[in-house]
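S.K.: This is the structure, below, for whatever I ask next.
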């Protein structure tokens with residue numbers, strides 16, 4: 001696959017695409033050592049240092065966010081227009097779909113590396129970043145459960161042109177309670193016929209294809225682990241109809257819609273793994289997608305901290321800048337502490353899954369903590385701005401609105417705590 005690169009980033013991206021040591025969290029010297037040992041580090045310790053290639057990916061995303069996303073974010077927030085021109089530029093740079101495997105034409109970046117990119121893009125605008133990140137969620141079931149033909153057909157097209165996809169699971173009456181899904185898929189010959197409604201589907205009206213979770217076992221007593229099947233559905237399939245774009249409190253340029261399925265026929269070759277495997281696939285994807293969501297929340301929190309700090313160093317009261325008042329400096333200190341800890345949480349969860357370990361516990365910790373921190377830090381930023389923070393001419397009110405969804409989508413803050421409690425208590429019950 002030939003990617004088209006934009007000046008002035010071309011040289012950076014080419015260098016960043018060098019594969020040697022790309023997946024190591026440590027230094028470039030350690031990366032060389034890792035290569036020499038066939039992928040297993042003999043070092044007993046660890047490092048917080050990024051490899052040179054990881055730093056270049058991070059800097060590329062940071063430069064793009066500051067120069068392309070930040071200047072346009074407010075206008076997209078006002079109009080609610082889908083930010084396809086920016087997404088297309090990001091795709092041309094390799095900042096979209098970076099985790100698609102190499103055998104499907106992608107760069108095959110690790111979850112950790114994808115998180116580095118996500119945090120930087122979210123710093124610019126989480127609405128734009130969510131539109132990009134929705135591709136990761138839609139693709140992940142195919143990455144982890146698709147056969148060779150499915151992966152090459154549906155993932156391969158994503159690196160050939162700037163297409164979007166979507167994760168089609170939530171319904172009007174089934175959000176946190178995934179087992180309550182009512183969309184039905186009935187097998188008829190070599191096809192499945194699907195009827196039902198989905199809701200709050202990010203990229204719902206822009207997707208080229210969807211991952212769909214539908215009930216194939218009508219028995220209400222059938223456990224969720226066997227009752228649902230995962231499908232890949234092309235967006236142009238007859239009977240599939242996206243609803244109106246929802247105008248949400250925040251992240252307004254992200255395309256969120258309901259989807260109606262009316263006698264939609266899906267060929268059996270578009271079933272992932274087999275009938276009854278859908279629930280495990282859908283939930284398994286979250287272990288890989290929740291760390292980037294936490295990274296996005298961290299990026300928003302970092303932006304709020306930076307905006308508040310710059311304002312506090314300029315705004316004067318009682319003859320000095322407000323940052324010199326202890327009341328304000330303590331708020332900034334608390335904000336900084338929270339941002340750093342959120343970053344460590346998402347990086348740990350990403351590192352765990354990249355090591356091939358089950359990271360459900362760490363992914364839910366990162367998602368819950370970073371989502372809460374994004375809301376707290378954005379609210380504190382508004383407080384530091386005072387009356388100006390309540391005004392749309394300043395950036396922090398948008399950050400506060402954008403932050404709320406991080407406590408809701410891809411599993412609410414409460415669901416994450418249920419998962420953490422289950423995983424934690426499970427260690428003691430064994």
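Glycine too: its Cβ is placed from the backbone N, Cα and C atoms.
Unlike curated entries, TrEMBL annotations are predicted automatically.
What TrEMBL records for 51-160 is domain 'Acyl-CoA dehydrogenase/oxidase N-terminal'. According to TrEMBL, the feature domain 'Acyl-CoA oxidase/dehydrogenase middle' maps to 166-264. Annotation source TrEMBL lists FAD binding site at 167-176, 200-202, 315-317, 325-326, 383-387, 412-414. Annotation comment: TrEMBL describes 276-423 as domain 'Acyl-CoA dehydrogenase/oxidase C-terminal'. The active site, proton acceptor annotation in TrEMBL covers 410.
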S.K.: If you measure residue 325 (FAD binding site) to residue 410 (active site, proton acceptor) at Cα, how many Å is it?
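M.R.: On Cα coordinates alone, these residues lie 39 Å apart.
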S.K.: Using a 10 Å radius around each Cβ and all protein chains in view, which of these binding-site residues has the most neighbours: 167, 385?
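M.R.: Compared across 167, 385, the most Cβ atoms within 10 Å surround 167.
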S.K.: Give the helix, strand or coil assignment DSSP yields for residue 413 (FAD binding site).
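M.R.: Assignment for residue 413 (FAD binding site) reads helix.
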S.K.: Write down the Cα-Cα distance for residue 410 (active site, proton acceptor) and residue 167 (FAD binding site), rounded and given in Å.
M.R.: 10
S.K.: Average pLDDT across the domain 'Acyl-CoA dehydrogenase/oxidase C-terminal' (276-423)?
M.R.: 97
S.K.: Under 8 Å Cβ to Cβ from residue 410 (active site, proton acceptor), same chain, six or more residues apart: give me those in sequence order, or none if nothing qualifies.
M.R.: 137, 286, 289, 290, 293, 367
S.K.: Can you tell me the three-state DSSP label for residue 385 (FAD binding site)?
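M.R.: DSSP call for residue 385 (FAD binding site): helix.
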S.K.: Take the Cβ of residue 171 (FAD binding site) and count every other Cβ within 10 Å, whichever protein chain it belongs to.
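M.R.: Step by step: centre on the Cβ of residue 171 (FAD binding site), count other Cβ atoms within 10 Å, giving 22.
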